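This report refers to the structure that appears directly beneath it.
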Amino acid sequence: MHFSDTHIGYRSLTLDEREQDFYDAFHEAIDIALENSVDFVIHTGDLFDTWVPGNRAIREFRNAVMKLNARNIPIFVIFGDHDRPRRNGEPAAGIFDFMGVHVLGWDAYEYAVRKFDGEDVLIGGISNMKGYMKTRLKDEYKRSENIEEGYRNRILMSHQAIDPFFVPDQCEAKMDDLPMNFSYIAMGHLHDFMERRIGPLISYAGSTEIKSENEINGYLKQGKGVNIVDISNGEVDLQRIRLKSVRPQIRVESDADNYVHEISEKLSSLRVKDNEKKPLVGLEIHGDISMETVMQDISKFDNAIFSRPKIRKDPKIPNIHTETADLREYFRAYLGDERLADLAMKIMAHSRSKDIDGIMKEIEVLYGDNRQDSPD
């Protein structure tokens, strides 16, 4: 079984229920592995939400490992950007090595070979490499391609953003950089499930819980889940199993007059089977309304829980008669400051001529003036 980005130990500043949600999803994934009698489990990074997890997170992981170990099911893990140890730190998962936990690829590509059902399986791993380590990543991919080519069943574990699965300028590598002589490339880091056959089958298993509102659309389309992967004689088949314990989430963006109605509409249209958890609502309101009023309104919903609402008080555009006003008057009325109005006019002039240096000089002058005006 391949799963990823469990982020156990994650804690919300406002909702105690959220920490338990991540444990629930993690344990459901482990139960799926047991129910399907898998030979081994791989986890592709961000097992914990931080590299120094709390006692409860470690205990929950230990309990899961004990269930796997009782069935002689090893688990192979790599580090993500959240749980990668800093400098000389020790990995939390590594303390359970005596119970079948194998940490791979801390600082470089590393692999292990195990025999399952009479077939050798090479399991290799490269933990997250970004920042100053990014330049080494492509070299490690190449090194993995040149090691022990005799094995037909080859799995690579990696925790990176790969172009074209993510925004190119935020990726550490491109698909062409990946080694092509693996049977299955198990990815972590991106929280939505994705798969593509590029020679080897490559798949992001996705996260097991919704950690960001950016994941809600993906969750509504395909849920959260784990990959049950059958690999034999170099051939790979993937079965996706959805998790049922994931707390449903919706996002409501509305104005001060309509947000209550829109919350009701979205909650009534939400259909999630086999899940008794109350949906989590992320709310953003545009307009002039007090937080106290909003909190009173949402407290009336006993069928949902809410993260802290966001109130965006949209700026009021000054009403100036166009026939008598020039552009500088607009800037002065809107910004409320003569110097800022002058700066806006100068920046606009530089922008028209694409004079970036001129823009920066104007800002530096203003910054210097503000420093002189500020008290020590």
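Heads up, the Cβ atoms here are built off N, Cα and C, so glycines get one too.
HIS191 is the only one of HIS191, HIS261, HIS286 that Swiss-Prot places in the Mn(2+) 1 site (with ASP5, HIS7, ASP46). Listed by Swiss-Prot as binding Mn(2+) 2 are ASP46, HIS159, HIS189; the candidate from ASP16, ASP81, ASP120 that the record includes in that site is ASP81. Neighbours of the Mn(2+) 2 site: apart from ASP46, ASP81, HIS159, HIS189, residues of the same chain with C-beta atoms within 8 angstroms of the site's C-beta centroid are SER4, ASP5, THR44, GLY45, PHE79, GLY80, HIS82, ARG84, ASN128, GLN160, GLY188. Neighbour list (HIS189 (Mn(2+) 2 binding site), Cβ cut-off 8 Å, at least 6 residues apart, same chain): SER4, ASP5, THR44, GLY45, ASP46, GLY80, ASP81, ASN128, HIS159, GLN160, ALA161, TYR204. Geometry remark: HIS191 (Mn(2+) 1 binding site) versus HIS82 (active site, proton donor), CA distance 13 Å. Counted within 10 Å of its Cβ, the other Cβ atoms near ASP5 (Mn(2+) 1 binding site) come to 25, all protein chains included. Rounded to a whole number, the C-alpha distance linking HIS82 (active site, proton donor) with HIS7 (Mn(2+) 1 binding site) is 8 angstrom.
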